[in-house]
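Undergrad: Have a look at this one before I ask anything.
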Amino acid sequence: MCGILAVLGVADVSLAKRSRIIELSRRLRHRGPDWSGIHCYQDCYLAHQRLAIVDPTSGDQPLYNEDKSVVVTVNGEIYNHEELKANLKSHKFQTASDCEVIAHLYEEYGEEFVDMLDGMFAFVLLDTRDKSFIAARDAIGICPLYMGWGLDGSVWFSSEMKALSDDCERFISFPPGHLYSSKTGGLRRWYNPPWFSESIPSTPYNPLLLRQSFEKAIIKRLMTDVPFGVLLSGGLDSSLVASVVSRHLAEAKVAAQWGNKLHTFCIGLKGSPDLRAAKEVADYLGTVHHELHFTVQEGIDALEEVIYHVETYDVTTIRASTPMFLMSRKIKSLGVKMVLSGEGSDEIFGGYLYFHKAPNKKEFHEETCRKIKALHLYDCLRANKSTSAWGVEARVPFLDKNFINVAMDIDPEWKMIKRDLGRIEKWVLRNAFDDEEKPYLPKHILYRQKEQFSDGVGYSWIDGLKDHANEHVSDSMMMNASFVYPENTPVTKEAYYYRTIFEKFFPKNAARLTVPGGPSVACSTAKAVEWDAAWSKNLDPSGRAALGVHDAAYEDTLQKSPASANPVLDNGFGPALGESMVKTVASATAV
């Protein structure tokens, strides 16, 4: 991942303004520690902090067309850049960077080229011939992008909020799958897949097609000129990613440079069952496995840094981001700059445990659509910013455009969880990779129950967070929470504690509004809370809040351990809510 900052149409064109923009761009240097660049044209500035993954020697940014009349600063990876270049034979490329193709596509097709890009990206392009500019973000929002407005009428774009929040009074999270054009002065959606309308598909389930499309998504993401690995938790999604990479690594170009032994990484509290599960998968696949550990106190000590980097006060995101943040630092110290991760599968296939209560296929499908549309506010944000904090790039094959189209075109009747038919959550994915002749994974891993990421770190992690928050947030503070924080009022002490840290770094109202809110159970949307009347009384992001679904649900454990406090203030769940919470070690894949 790189860091981009673009400021267009400023009133002040002094050297002091240029210095200020360079200073703000440095706030993104963690995203791109390999090189810095800036292009200034009259009242427009495009700055870049580079993480060199493809073409490390000549791909420094900003990038240009032949006569430098078109300038672009990009954060992303364009997996089909060679195919696109082949259709641009009249153009002369200056670098081997996958991102340079954007400048030349603009010359050929104007603003209508974005849907041709297969990859993850956020970019700003300036046409100096008429001083027009465009900005765009990838289909799902894998790469972060913010847009702001200065008091002088300038328009700002940044990979992270921290580079524009001080100088813009108003700013937003740039919507995924959209393009901004200065010519029209507005945003428009360039990504219009069939599933976006939420109409119910009727295509029969084709396991071979699903498997093949996922393998293609993996293979294209092996495009790298630097060492890479896979985040492996021992859960289904990360294990499938590791398995498919293992099968195809030897034939990939990267193997010639870095060898055909796959490196896998996991992190967790010592003694966690998922450390053993991840090692079992790694041994089965023959990977070079790196098992990393952290303590509850180390996680708590990192909270301020995590919230600063991830730029949210959402409880689930912070719980899950912290181990991923710690792991990314270790990964970078080992010389690895890119990892593949398993985000997105639960949204596409209804893998969260609350989907067991979906009343029919219509509501099941509509909820998956809502979840995918919100990914940029949750798992994409976590995966990108937790890794980018240490200059590591995370690639997410489940969010491949073509794979999503294939998966979301399946009649949702096949995705419904039906225990009487032997269909557990994500059965269509599990079944697609259930190969008796050449197994991808051991059966018990392939059919393992979903464990939510922050749950999987263990109750000793989550309870440690709650205990720490209880020491810093009093009952009287909670009584006044709605007055102190009228926007997205925190309803637990843990949420209140995170909010105080967030406000220290990002005190403006515009920053608060970039974070989602509303009721949720086990990571559901507010709409899905209506599926079970009991859920409205038990709104917690933990997967075990899906009462009557999880093997170690809260209701089962509460019979063994009394609630410790006011349920309004701390969710009412005591510290002994089941040692089985020490599962799904923080591989940062939420699987």
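Heads up, the Cβ atoms here are built off N, Cα and C, so glycines get one too.
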Undergrad: Among Leu231, Leu232, Leu303, Leu377, which residue does Swiss-Prot annotate as binding ATP at the site that also has Ile267, Ser341, Gly342?
TA: Leu231
Undergrad: What does Swiss-Prot list, out of Asp67, Asp98, Asp115, as binding the same L-glutamine as Arg50, Leu51, Ala52, Ile53, Val54, Asn75, Gly76, Glu77?
TA: Asp98
Undergrad: Determine, to the nearest whole angstrom, how far the Cα atom of Arg50 (L-glutamine binding site) is from the Cα atom of Ile267 (ATP binding site).
TA: 27
Undergrad: Which residues, same chain and not among Arg50, Leu51, Ala52, Ile53, Val54, Asn75, Gly76, Glu77, Asp98, have a CB within 8 angstroms of the centroid of the CB atoms at the recorded L-glutamine site?
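TA: Here the nearby residues are Met1, Cys2, Gly59, Val74, Ser97, Cys99, Glu393.
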Undergrad: Quick one: among the binding-site residues Gly76, Gly342, which has the most Cβ atoms sitting within 10 Å of its own Cβ?
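TA: Output for this query is Gly342.
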Undergrad: Of the binding-site residues Val54, Asp98, Leu231, Ile267, which one sits closest to Glu343 (site 'Important for beta-aspartyl-AMP intermediate formation') when you measure Cα to Cα?
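TA: Sorting the binding-site residues by distance from Glu343 (site 'Important for beta-aspartyl-AMP intermediate formation'), the top entry is Leu231.
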Undergrad: Using CB atoms and a 10 A radius, I'd like the single residue among the binding-site residues Ala52, Val54, Leu231, Ile267 with the highest neighbour count.
TA: Leu231
Undergrad: Around Asp98 (L-glutamine binding site), which residues of its chain at least 6 apart sit with Cβ under 8 Å of its Cβ?
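TA: Looking at Cβ-Cβ distances below 8 Å from Asp98 (L-glutamine binding site), excluding near sequence neighbours, one finds Val54, Asp55, Glu77, Ile78, Tyr79, His81, Gly119, Met223.
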Undergrad: Across the listed L-glutamine-binding residues, Arg50, Leu51, Ala52, Ile53, Val54, Asn75, Gly76, Glu77, Asp98, what is the farthest Cα to Cα distance, given in whole Å?
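TA: So the maximum pairwise Cα distance among the L-glutamine binders is 13 Å.
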Undergrad: How many Å lie between the Cα of Cys2 (active site, for GATase activity) and the Cα of Ile267 (ATP binding site)?
TA: 25
